[in-house]
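Colleague: The structure is given below, and queries will be raised subsequently.
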Amino acid sequence: MKSVGHFVPWLTDIRHLTDGTISEVFVGERKNSKKLYVIKVQGLVFKRPPHDAMRGKLILESIGHPHIERIVDSFIDNEAGSVYLITSFKSFVLSDVMDEISIDTKCKIVLQISSALEYLEKHGILHRDIHPNNILLDSMNGPAYLSDFSIAWSKQHPGEEVQELIPQIGTGHYRAIETLFGCHSYGHEVDRWTFGILIAELFSNQALFDDGSSEGWPSELRLTSSIIQTLGTPNPSMWPELSTFPDWNKFIFHEYPPKPWSEILPSVDTSIQYIVSHLVTYSNRASPSFVIESFPKVSARLSQYA
């Protein structure tokens, strides 16, 4: 098996950084400079749906947006059955610094990722795994970049998901409610839902829903229960698509009323509650454009308390 350096001879001092679900991640320094690059090595042979390294590569190569991680170079090792994705090294991961960055930076991150999602929607691309680990920062002041398209999907590059989409997408308590009910025909609404959760947690510094991960026992049923106890028990009258989800009728849920957002996010400004309430909702989730149009007023309001 050829070494990582064989495929990226313009990098030196290549060292292992971390491991992902289907990848090994290395970091190296460009020769004759101090600039760092990340090398993500993903297998092509042993797929773990919805992970698809080649599809992710093709989607990323088709994207050109200032707040979406850009591929600098890529290589395929046919002998080992691996794909190499080279990107610029970013100093911070949002999940590591959420409680340290300023209100102003948080507002900028929301607007920058909203712009990225607006771009993805325009081009028919679903990210399907938005959470703080997949938001990278150049510095503690940003800018922010949406990263990791390993389970992304697009109409142009559907991979094996041609007839129907896989519902097992997302990470932990960020999973969209329709995927928990086995929906195979979801759209951009899944990214809007997860983005809403990210915004809520960015400004509250606490998890919006509970899937049991904090106790070491993550559960789809526990996450579903947490969502329903928070947003109220859905029904086909308020959410017509619900009756089409394969797993909706497999359970009988207690009838919970929806909690007011002032109770769900008591420590968060009402302007943030308003934005989140239009994203983390069963039906008619707001578009990224709504967030972009609304957030300048939010930023101005929050700056008074900064």
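Cβ atoms here come from the backbone N, Cα and C positions, even for glycine.
Okay, so Swiss-Prot annotates it like this:
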type	residues	note
ACT_SITE	D129	active site, proton acceptor
BINDING	L17, T18, D19, G20, T21, I22, S23, E24, V25, K40	ATP binding site
DOMAIN	11-306	domain 'Protein kinase'
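For each feature listed, report its degree of burial, its nearest neighbours and the pertinent distances within the displayed model.
Modeller: In the structure as shown, the Cβ atom of D129 (active site, proton acceptor) sits within 10 Å of 25 other Cβ atoms.
According to its DSSP assignment, S23 (ATP binding site) is in a strand. Cβ-based neighbour count (10 Å, all protein chains) for S23 (ATP binding site) stands at 21.
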Colleague: Reduce the DSSP letter at L17 (ATP binding site) to three states and note it down.
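Modeller: The three-state answer is strand.
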Colleague: If one looks at the chain holding L17 (ATP binding site), which residues at least 6 apart in sequence have a CB under 8 angstroms from its CB?
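Modeller: Sequence-distant Cβ neighbours: V25, F26, V27, V38.
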Colleague: In Å, how large is the greatest distance between any two Cα atoms among L17, T18, D19, G20, T21, I22, S23, E24, V25, K40, the listed binders of ATP?
Modeller: 14
Colleague: Just to verify a number: CA distance, T21 (ATP binding site) to D129 (active site, proton acceptor), in angstrom, no decimals.
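Modeller: With distance taken Cα to Cα, D129 (active site, proton acceptor) is 13 Å from T21 (ATP binding site).
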Colleague: Give me the CA-CA distance between D19 (ATP binding site) and D129 (active site, proton acceptor), in Å, as a whole number.
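Modeller: With the alpha carbons as reference points, the distance is 17 Å.
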Colleague: Quiz question: given the binding-site residues T21, V25, which has the greatest number of C-beta atoms lying within 10 angstroms of its own C-beta?
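Modeller: By the 10 Å Cβ neighbour count, V25 comes out on top.
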Colleague: List the Cα distance (Å, whole number) between D129 (active site, proton acceptor) and S23 (ATP binding site).
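Modeller: So the alpha carbons of D129 (active site, proton acceptor) and S23 (ATP binding site) sit roughly 16 Å from each other.
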